[in-house]
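Novice: Reproduced below are the annotations present in TrEMBL:
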type	residues	note
TRANSMEM	33-55	transmembrane segment
DOMAIN	37-502	domain 'Major facilitator superfamily (MFS) profile'
TRANSMEM	75-95	transmembrane segment
TRANSMEM	102-120	transmembrane segment
TRANSMEM	126-148	transmembrane segment
TRANSMEM	160-180	transmembrane segment
TRANSMEM	192-210	transmembrane segment
TRANSMEM	321-341	transmembrane segment
TRANSMEM	361-379	transmembrane segment
TRANSMEM	386-405	transmembrane segment
TRANSMEM	411-434	transmembrane segment
TRANSMEM	446-466	transmembrane segment
TRANSMEM	478-496	transmembrane segment
Amino acid sequence: MYASREDIGYDFGDDSKVGSKPIKPNPNIDGGWAWMIVLSSFLVHILIMGSQMALGILNMEWLEEFNQSRGLTAWVSSLSMGITLIVGPFIGLFISMCGCRTTAIIGGILNALGWILSAYASNVHYLFLTFGVTAGIGSGMVYLPAVVMVGQYFQNRRALAQGLSTTGTGFGAFLMTALLKYLCTEFGWRNAMFIQGAISLNLCVCGALMRPLSPKELREKYVVGNDSEENRAKALSQSTETIKSNGVLGEEPEKKEETANEEVLGSVQHIEIGGKSGSGRSMYGLRLFKTVSQLTVTVRKGFALWYSSYFGAASLFTNRVFVAFIIWALFAYSSFVIPFIHLPEIVKQYKLSRQDNVFPLTSIIAIVHIFGKVILGIISDLPCISTWNVFLMANFTLVTCILTLPLMQTYIGLAVVCALIGFSSGYFSLMPVVTEDLVGTKHLANAYGIIICANGISALFGPPFAGWIYDITQKYDFSFYIAGLLYMVGIIFLLIQPCIQKKQSRHKSTEEAQV
């Protein structure tokens, strides 16, 4: 399956066909059930990302219970966070074959199972398997569909919708920190994890709300989106040039495959009609054969879309700006995760526990993070503002805060820096928007799966690395400095690659003009 111009999500100036037949906007696009999708995604972020941001509470309990090093114990939280994101590309395959709703419901059950089994942990290595791997895979199976569904249901308010839904991370970090503190104090950490597992079953309800759009509704979204001057102005010029340089990809293989699939199903229906006069047993066998054939066709189509996105002619890796985006993601997420995991220990080291108990620093990040996502989303939706520029400015602010944090040794200073970290990290709500601008709605699930996979690798190694540095130096300073410098390298890739692409495009245009 290959991407067309409409699939990529950009308009190249050919509006003749679209403009001839006005299309009535679908009420569920940018409204109606779309807001139920935002609510579902909001609750998913509370239950998954919010819980993971509160793992610093459980990390301290595990340190006391199992008496292991900080570096080894931090692997439990890192595995959960990292695997949630690393499995993104494979969850994209599940979505292509089963749809977002089924994938999310299965993931909710798996996530709850991971929490409940972790309550019976006898050592840290047991938690690696139950909480890190089992709960992590379940979280990934719910998280990616929650993001993708918002992208499918919104066209003109994408940044705002993603901002509202992802504020669940901030709300969740604040609520789950308080909840886990209370549960651990009153019932112990084992019962706290058991209760949290029961709460996580609500992810299945969130998945049930993810009603898929029909192919007709998706086509209407593409047509209306391409006909909107506002959306054309918002598209990233760098990625437009990249896609132009890759050429227009045909859709003949996709048509041939669909024809073959229709022939298979048609032959089955013909056999079924011809065998109506046969026995009940043979009819049952024909119906079973028809069901298996339909399932096979669905799996083939889903796998073909997934495979073509990664390895086919429509490979996402031919988009150089998207590749730079992946490199940035490899370094970025650990800079946000490390403070959440290790701030409770830093506060204890600086003897600031009394002030932190009144208002935890992680809660400050979480609360301001909520406002950051909404405000940055609103700003990015303004016609005169580039989402890409807002995204870069927020990244610069965050890396500055990460490098400054070790210099602050008072509660007020740490609180100010944590507030800035919370606000600037609101750019997470823009990541799906930037990704969709780069590759289009059709490939959003696979592309965003790659991005969160890179983020997962960053989250997987970040906290253990910080704990390992602490075990050597007995200070967290170098952990933040190294993480900040690596983050800066990723930002430089985001700045350089679009400039190179733009320069190459201008040079090519000049040569064509001379010819």
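In case you wondered, yes, glycine gets a Cβ from its N, Cα and C as well.
Walk me through the surroundings of each of these features.
Specialist: Long-range contacts of the transmembrane segment (33-55) within the same chain: residues 76-77, 80-81, 84, 104, 111, 139, 142-143, 146-147, 149-150, 153-154, 161, 164-177, 179-180, 196, 199-200, 202-203, 206-207, 209-211, 340-341, 362, 366, each at least 6 residues beyond the stretch ends and with a Cβ under 8 Å from a Cβ of the stretch.
Same-chain residues lying 6+ beyond the ends of the transmembrane segment (75-95) with a Cβ under 8 Å from its Cβ atoms: 48, 52, 55-56, 58-59, 62, 103, 107, 124, 127-128, 131-133, 135-137, 139-141, 143-145, 148, 302-303, 306, 309-310, 333, 337, 341, 445-446, 448-464.
Only residues 6 or more beyond the boundaries of the transmembrane segment (102-120), in the same chain, are considered here, and those with a CB under 8 A from a CB of the stretch are 44, 48, 91, 94-95, 126-127, 130-131, 133-146, 190-191, 193-194, 196-198, 200-208, 210.
Non-local neighbours of the transmembrane segment (160-180) in the same chain are 34, 38, 41-51, 53-54, 56-58, 146-147, 150-151, 153-154, 192, 196, 340, 360, 362-363, 365-370, 372-374, 376-378, 381, 422, 426, 428-430, 432-433; each lies 6+ residues outside the stretch with a CB under 8 Å from one of its CB atoms.
Counting residues 6+ beyond its ends, the transmembrane segment (478-496) has Cβ neighbours under 8 Å at 324-325, 327-332, 334-335, 338, 342, 392, 395-396, 398-399, 402-403, 405-406, 462, 465-466, 469-470 in the same chain.
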Novice: With a cut-off of 8 Å between Cβ atoms, can you find at least three pairs linking the transmembrane segment (386-405) to the transmembrane segment (321-341)? Only pairs 6 or more residues apart in sequence count.
Specialist: yes
Novice: Considering only the recorded stretches 126-148, 321-341, 361-379, 446-466, state which has the highest number of Cβ pairs under 8 Å to the transmembrane segment (411-434).
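Specialist: Comparing 126-148, 321-341, 361-379, 446-466: 361-379 has the most Cβ pairs near the transmembrane segment (411-434).
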Novice: What else in the chain is close to the transmembrane segment (361-379), if you only count residues 6 or more beyond its ends and a Cβ gap under 8 Å?
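Specialist: Result: 50, 53-54, 56, 159-164, 166-167, 169-174, 177-178, 339-340, 343-344, 347, 385, 390, 394, 414-415, 418-430.
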Novice: Averaging the per-residue pLDDT over the domain 'Major facilitator superfamily (MFS) profile' (37-502), what integer do you get?
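Specialist: Average per-residue pLDDT within the domain 'Major facilitator superfamily (MFS) profile' (37-502): 77.
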